[in-house]
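Below is one structure; the comments refer to it alone.
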Amino acid sequence: MDLESSRDHASLESIKPLSCSIAHGSAARYIYGIIFMLTTLIAWVVRDYSHRALSELHYLEGCLGGHNCLGSEGVLRISFGCFVFFLAMFVTTVGTTRLYGARDVWHNRWWPAKGVMWVILMVLPFLVPPSFIHIYGEVARYGAGIFLLIQLLSVINFIYWWNEQWFSEERCKAPMLVVAFVSFGASIVATTYMSLWFAPHISCTLNIFFTSWTAILINVMTAISLHSKASIAHTNGVNAGLMTSGLMSVYLCFLCWSAIMSEPLSEACNTRPRQTGKSDWLTLLSFVIALAAIVMAAYSTGTDSQTFCLPKKSFELDDEVPYGYGFFHLVFALGSMYFAMLFIGWNLHQTMHKYSIDVGWASVWVKIANEWAAAAIYIWTMIGRFVLRNREFP
């Protein structure tokens, strides 16, 4: 009896550290997400409500847009502080593989110290010369682009993961068909309404091109996924089919719609209500949804480090970290650049309306490029192993 009791006690002791590590690992992720969200809100307040306060800092008056661009410069300064915070966390946690080490403790604890560091980094950037902030803004464009690429790969990986999970279950074959046909139906409806809403006249050539090219990409992706080689690629690990193409079609339609909705208010071809800078319910709702999307994009992508790792051994050790700490902080650092670009419309000298996010021709072309990249990467995942026949894929 005593032996059984001691064995049970030993089992509980071996499980307890693992459970606690998972708990505090999850709590740390949420706290970092809250820090990122607070920083995003501060950037919004600085952009929309701090023009008078920023104008008192006379060394900021040299920005190219005069006082009107001070809000955008303030966003870049907040973004720079957030970037430095998560970059420091990346440098001090990258390569962490085991729990209860010094770097694991630093990642999951020491919140008062990290809170002080964050507050200092929210203030210090306002003492930096405008010329340096301008250089950071130029670099942030590339950092934000890398963030979009990482997010795009994460989305495609999730779609394939979902397809694999259901494909392996016989009872999920019918739901797969339902999701596929619903997705294709939604994409057909979306492209039709985008043509009606965003290209009401023959003179709206750019919007006609956007919607038409989106429809062409959807047809190309679907045709390749239904090809005989792609249909049997499941045995080789690709497993592309109707459901993956359907979900990608919806994703492309969303990116196209989002791009056209980012066109400036002066664009007459867009007949739908858009962000006007006024405090109407549509503008406020769109703004809140956009803020939540920024935080969720950074959080979900940051925790998906397995997508970008080389294949590992099939077994896991009890003291192995639950996710890549370094990658998590790197994504948040790039996300800091990304939210700055959204708040200033990817244009360092653009004056944005209140409650507006990601508006302007630069934003339009960034989203369109993201859509085309999504289609190209997805198509390559289907045809890559057939094009490079002599190369062994993992």
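Quick reminder: no glycine exception, Cβ is built from N, Cα and C everywhere.
For 27-46 (among others), the entry in TrEMBL reads transmembrane segment. Packing against the transmembrane segment (27-46) from elsewhere in the chain are residues 54, 71, 74-75, 77-79, 81-82, 85-86, 89, 107-108, 111, 118, 122, 291, 294-295, 298-299, 302-303, 323, 328-329, 332, 335-336, 339-340, 343: each is 6 or more residues past its ends and has a CB under 8 Å from a CB in it.
Cβ atoms under 8 Å from those of the transmembrane segment (74-94) belong to residues 32, 35-36, 39, 42-43, 46-47, 50, 54, 103, 106-107, 114, 117-118, 121-126, 128, 133, 136-137, 140, 143, 325-327, 329-330, 332-333, 335-337, 339-340, 343-344, 348 of the same chain, restricted to positions at least 6 beyond its ends. Taken from TrEMBL, the feature transmembrane segment applies to 74-94 (among others).
Among the features that TrEMBL reports, transmembrane segment is placed at 115-136 (among others).
As annotated by TrEMBL, transmembrane segment applies to 142-162 (among others).
For 174-199 (among others), the entry in TrEMBL reads transmembrane segment.
Per TrEMBL, transmembrane segment is recorded for 205-226 (among others).
The transmembrane segment feature in TrEMBL is assigned to 238-261 (among others).
TrEMBL lists 281-302 (among others) with the feature transmembrane segment.
The annotation transmembrane segment is assigned in TrEMBL to 323-348 (among others).
Here TrEMBL flags 368-388 (among others) as transmembrane segment.
At the 8 Å Cβ cutoff, the transmembrane segment (174-199) and the transmembrane segment (368-388) share fewer than 3 close pairs (sequence separation 6 or more) and do not count as touching.
Using a cut-off of 8 Å between Cβ atoms, the transmembrane segment (368-388) and the transmembrane segment (115-136) share fewer than three residue pairs, counting only pairs 6 or more apart in sequence.
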